[in-house]
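Trainee: One structure, pasted below without further comment.
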Amino acid sequence: MILVLLMVILMMIFIVQSIAFITLYERHLLGSSQNRLGPTKVTFMGLAQALLDGVKLLKKEQMTPLNSSEVSFLLVPGISFVVMYLEWFTLPYFFDFISFEYSVLFFLCLIGFSVYTTLISGIVSKSKYGMIGAIRASSQSISYEIAFSLYVLCIIIHNNVFNFVSKFNLSLLIIYIPFLIMVIAELNRAPFDFSEGERELVRGFNVEFARVAFVLLFLSEYGSLIFFSVLSSAMFFKFSIFMAFSIFSLLIFIRSSYPRYRYDLMMSLFWFKLLPISLIMLCFYAVIFYY
């Protein structure tokens, strides 16, 4: 029991430390894409930039809006962080000390629940910008989650288990591109970052959050980004650090290269293109592996 608790604490420290350096890496890549250096002034090559940014955030003042509560401002980001943290326990072969049989179903429950934290955070902020961002995130989640679940079901049929299996699946590569598009939508990253549209929503659902609350939302966002990079590497390419790093870099380059998609085109893409493709692929894998 003590060993399991120690492993859980160490994993949390590992995730937080990874986020600190991954954000620095993202800023350098975004700087390179725009022909600038990125953060390089704080210590050697800017390595302490993320740590000092965190200290600066914690020193900010939290202004709680009228008709809202301070408890909800900490509770909702805390739940968001816990959901992100629980996602890591579904990874294959990495955390066997608490592994369980139906990790894929647990994973689908978590990503379905994660949108509620975004919705509630927009509601408790008592801001029209936060509310619009939360509604956008909810409608976006409804549009892609059905197709995303069907793609995950294709993986279950292929592997014949309800766990994520870490191996190189050549026959699964045909669904990797639509799966990656769904992952980008799940992460609310560009070009599907409608819940955080700066031009029309200031900051989106988290516009009123600061200090610890904003840090928890930030950690949950980038923790999920790292998680999906590792998960994609494990499911499609037999997990390697290089492939996980490459997928993460690809997600950053997509952010730096593509403008925000139009909202109606995003809905059309998920409902009229990716959803029918997911149904066809599900039937294809069912026929191939069961008949």
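Glycine is treated like the rest: Cβ placed from N, Cα and C.
So Swiss-Prot has the following annotated:
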type	residues	note
TRANSMEM	2-22	transmembrane segment
TRANSMEM	71-91	transmembrane segment
TRANSMEM	104-124	transmembrane segment
TRANSMEM	142-162	transmembrane segment
TRANSMEM	164-184	transmembrane segment
TRANSMEM	212-232	transmembrane segment
TRANSMEM	234-254	transmembrane segment
TRANSMEM	269-289	transmembrane segment
Trainee: Would you mind listing the long-range same-chain contacts of the transmembrane segment (212-232), meaning Cβ under 8 Å and 6+ residues beyond its ends?
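Mentor: For the transmembrane segment (212-232), the sequence-distant neighbours (Cβ-Cβ under 8 Å, at least 6 residues beyond its ends) are 15-16, 18-19, 22-23, 54, 57-58, 60, 62, 73-74, 76-78, 80-81, 83-85, 87-88, 90-91, 114, 117, 121, 164, 176, 179-180, 183, 186-189, 206, 239, 244-245, 247-248, 251.
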Trainee: When you scan the chain for residues with a C-beta under 8 Å from the transmembrane segment (2-22), skipping those not six or more beyond its ends, what do you find?
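Mentor: Sequence-remote neighbours of the transmembrane segment (2-22) are 47, 50-51, 54, 85, 88, 95, 97-98, 218-219, 222-223, 225-226, 248.
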Trainee: Quick one: find which recorded stretch in 104-124, 234-254, 269-289 has the most Cβ pairs under 8 Å with the transmembrane segment (142-162).
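Mentor: Answer is 269-289, with the largest number of Cβ pairs below 8 Å.
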Trainee: What stretch of 104-124, 234-254, 269-289 shows the most Cβ pairs under 8 Å to the transmembrane segment (164-184)?
Mentor: 234-254
Trainee: Are there residues at least 6 beyond the ends of the transmembrane segment (104-124) whose Cβ is under 8 Å from a Cβ of it, and what are they?
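Mentor: Counting only partners 6 or more residues beyond its ends, the transmembrane segment (104-124) has Cβ contacts under 8 Å with 68-69, 72-73, 76-77, 79-80, 83-84, 86-87, 89-90, 130-135, 137-138, 141, 145, 148-149, 152, 155-156, 162-164, 186, 188, 195, 204-206, 209, 217, 220, 224.
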